[in-house]
Amino acid sequence: MEHSDLSTDTLESTETKNEELLPLPPEAKPEEVQSPPIEAIEPSPPVKLVSTHPYRKVVLFGILSLGAIAIGIFGYRWWQYADTHQETDNAYVTSDSYPINARIAGTVVEVTVDDNQQVTKGSLLVKLDPRDYEIALEQVKTALEVAKQQAKVAQANIDVATTNGLGKIQEAQGNVDANDFNIFSVQASVLEAQAGVPSVQAQLAQVRANLVKSELDYRRYEVLWQEGATSRQQFDIAKASYESTLAQYNSLQEQVLQAKARLQQAQRNLNSAEAKLVSTKGTFQQAEATNQQTEVNRRQYQSALAAIAQAEVQVKNAELQLSYTAIASPAAGRIEPI
């Protein structure tokens, strides 16, 4: 069977060679060409072939195994490629597109994703240089702390000024009231002293007149008694009346001096009370000024509170600006190249 196959192959080869040596058709050859004589090829002697079936099976199995492995690797890589790449001539894909834009100006320092990469919502995509925004955040935080300290100082000043101011105002008001009453009392004493001097002076004038009369009677009865024209008893009565009137006159003179002294003292007391009232009113005005300083401290405190509120807003804004340096994915999906 094998010899027959070999003869057939040799015969086919001979026929092929004969066909190659056939002359060209007349219309195709431009000039006369003489073909060399065809020599007959004798068949080759039969060749004995040795069977190789066991080795062929092993080789065939190995080739098939390698082919299966190659097909598997190719199929897996094709599946990976097909999972991330789509090619079509006529297809429509329904999806939501989210443009990724920076909300602030900055320098890109890191891109954490690649084209066609799957991402989840909130995944970091791009990171901008945050240093300028970190410095701005620290500045507004410092301003916030300064405003808080100013508010604390203003509040402490309010407490101290309120305590001291109210105490001083109350004390000064009490002193003013006391001095007002003292002046009223001293003025009454002055009026009383002023009224007492004329009264005593009037009594003194009356007693002076009585003294003049009693002295005349005493002198007259003294002469009469010496002449024996009157009795000793009558003389003694006139003498006693004179001496009593003289004593009364001297007493009234002393009372006049005392009344005048009381009036002068009352005047001095009034002047001192008025001066003290002026002083206490000055203290009261100082206490009111302290109270006005308390009001100034209150306004400073309110201003500090407003500064705190403004600084807190600035801190939130700076924190928001800093958060914009990290650009995150707004939704889960795939990064599409532009």
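Using N, Cα and C of the backbone, Cβ positions are placed for all residues, glycine too.
Matching 137-164, 165-192, 193-220 against TrEMBL, the residues noted as coiled coil span 137-164. Listed by sequence, the residues of this chain that lie at least six past the ends of the coiled coil (137-164) yet keep a Cβ under 8 A from its Cβ atoms are 290-291, 293-294, 297-298, 300-301, 304-305, 307-308, 310-312, 314-315, 317-319, 321-322. Within the same chain, no residue sitting at least 6 positions outside the transmembrane segment (58-79) brings its C-beta atom closer than 8 Å to a C-beta of that stretch. Taking H, G and I as helix, E and B as strand and the rest as coil, DSSP gives the domain 'Multidrug resistance protein MdtA-like alpha-helical hairpin' (199-271) the counts 69 helix, 0 strand, 4 coil.
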